[in-house]
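As given in Swiss-Prot:
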BINDING   Ala46, Glu47, Thr48, Gly49, Ser50, Gly51, Lys52, Thr53  ATP binding site
DOMAIN    2-428  domain 'Helicase ATP-binding'
DOMAIN    70-247  domain 'B30.2/SPRY'
DOMAIN    493-681  domain 'Helicase C-terminal'
REGION    1-448  region 'Interaction with dsRNA'
MOTIF     370-373  motif 'DEAD box'
Amino acid sequence: MAAFSEMGVMAEIAQAVEEMDWLLPTDIQAESIPLILGGGDVLMAAETGSGKTGAFSIPVIQIVYETLKDQQEGKKGKTSVKTGSTVLNKWQMNPYDRGSSFAIGSDGLCCQSREIKEWHGCRSTRGVNKGKYYYEVSCHDQGLCRVGWSTLQASLDLGTDKFGFGFGGTGKKSHNKQFDNYGEEFTMHDTIGCYIDIDNGTVKYSKNGKDLGLAFQIPAHLKNQAVFASCVLKNAELKFNFGEEDFKFPPKDGFVALSKAPDGHVVKSQNTGSAQVSQAKNLPNAPKALIIEPSRELAEQTLNNVKQFKKYVDSPKLRELLIIGGVAAKEQLTLLENGVDIVVGTPGRIDDLISTGKLNLSQVRFLVLDEADGLLSQGYSDFINRIHGQIPQVTSDGKRLQVIVCSATLHSFDVKKLSEKIMHFPTWVDLKGEDSVPETVHHVVVPVNPKKDKQWERLGKNHIRTDGVHDKDNTRPGGNSAEMWSEAIKVLKGEYTVRAIKEHKMDQAIIFCRTKLDCDNMEQYFIQQGGGPDKKGHQFSCVCLHSDRKPQERKHNLERFKKCEVRFLICTDVAARGIDIHGVPYVINVTLPDEKQNYVHRIGRVGRAERMGLAISLVAAEKEKVWYHVCSSRGKGCHNTRLKEDGGCTIWYNETQLLSEIEEHLTCTISQVEPDIKVPLDEFDGKVVYGQRRATGGGLYKGHVDILAPTVQELAALEKEAQTSFLHLGYLSNQLFRTF
């Protein structure tokens, strides 16, 4: 308790921490907690299980509590932040809501971007939330552009998310990254009219006065939101006319100029050039902290930690809420309406509640992105930037928004890029460094070569069910097609997985598969072996963990594995990310991950005190054709086995190349074993040692000692000689050097 109190942690939280048997803070906690309590933005990296969740949860709980306490007692901070700007008093393009290479003329209407590789966009200073409106855009050159409408939630890259509607010079309309043919192309000297009927939920365009017809039906979740005139440019110049000047092609059918919109229908932009300041009034659905996790399991895990840490925090009590998909939203909405202080959730459901106005971001003091590299790899970059843009940068009591980013590694380019965009002079706390394999882990590769191992030809139908990629191909033995070898690899990997379990008499292991379908097929194969979820204690008892399983089933399966009720957890990278499962003796990589960092995440989970962990990777010697869904359904009901470049949903997966990249990343050569998967064992100090990495480095103490032994002996002799000489000096017969 004293150790945490010395860092400034309040006594109530320190008491709860002590009950969890946390006598001393971990390294990441000792570094990060004081920084966050001090009000700074923090980027932290540490291994899973290092206390990273506590490192951000403890200070977040404390500051949220102190904020609520101050409000309860009527205390107010000194706000020196100026808000508002004269730029909002007229219709023009907003210099505070634009891309970095987007230029606006002194009149606020002439716009230009000369960036030839990237799109840069902008929105107007004002928007409208009711009525029928029109504005014109004149093209001054032959560059590329899209014009239209968007909400403040939208990306400045107009038409690439569900909050914006664009029409481009190539004759395409765009919404939510869906580009469809519409109208006709336009270029220099053309004038585009942009129409919106908010009451009836329609958007349309005209070219030089010619009506191009209906372009979009506005979705229900956007009908009550203010929309702003928007554009995005690539090496182009435009000029806007909101109605202060005469239109070249005046609108008909009741549409009026934006500049003539009544005051009751006009909404000023929140992007004013100075920091947004949150409302002083407390709203029940406006939390003080928002913690975003990449998976439901991790969100539940973090929420449980928050509950433990705040156990003794009272008067006022903190209210936390879990917001995740896959469960009924009704209960979550009820709790939101009753009031909430800390929200922990996953991006999908949080995005839904924000877009429908159910979750208010006006009071957020903390934005925490846990496992940020996982969030970015799942494609949530736009979501993160969007919600960060909606959160006021300064609270009503004058405190700045704090952003905390946690990641398994801070050396990812995407994480660095994100931090530069949304964080304010962050402090880096990197206790992980570059990826390396723990010395308690022995990892080996088993080559899967169907040209050498002909077992797959003799199995008939008694093999694992494959993913269906080759259902329409001729994969019968006797040919020499790439498809035949690919199917053979899938079959052999099922056999090698079973062989590895039997050979090493595995009592517990995590088995990583590439896709959810692969996980299901492996589980079914274990059932064929007599195991499965219902066979407790069987050699092949197993449970499955991936996002297609119901949340309750996932939670139950994870608990069963942790309690050793089943031997094997079959899962995907996404499902397993960040989950606190450690000390597992074995990991099997049925397929190598396509991101080399994930390889270290996977194998780092193995190892016990009594023995080293063993990670076995099955690596195909030939290319394997696998699913890579780019379709809107993300694989549900998809049977398009054509390659991605041909409009399909498959790719050729090159594990040999991936292995080379992993070895280069780790600067070591991974040992290879034969298909019988017999891994050489060495005896040392009564413990089983599965082997050593070929790279030189830590752990090779014996050789190091042998090298130093002669020098140590020489030092010992010199020390003895020096001490003997000193003693003799004190007792010389003539007593010239008498000691005192």
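Cβ atoms here come from the backbone N, Cα and C positions, even for glycine.
What Swiss-Prot annotates, mapped onto the structure for a quick look.
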residue	record	CB count, 10 Å
Ala46	ATP binding site	23
Glu47	ATP binding site	16
Ser50	ATP binding site	17
Gly51	ATP binding site	19
Lys52	ATP binding site	26
Thr53	ATP binding site	26
Secondary structure at Ser50 (ATP binding site), reduced by DSSP to three states: coil
The motif 'DEAD box' (370-373) - residue tally per DSSP class, helix then strand then coil: 2 helix, 0 strand, 2 coil
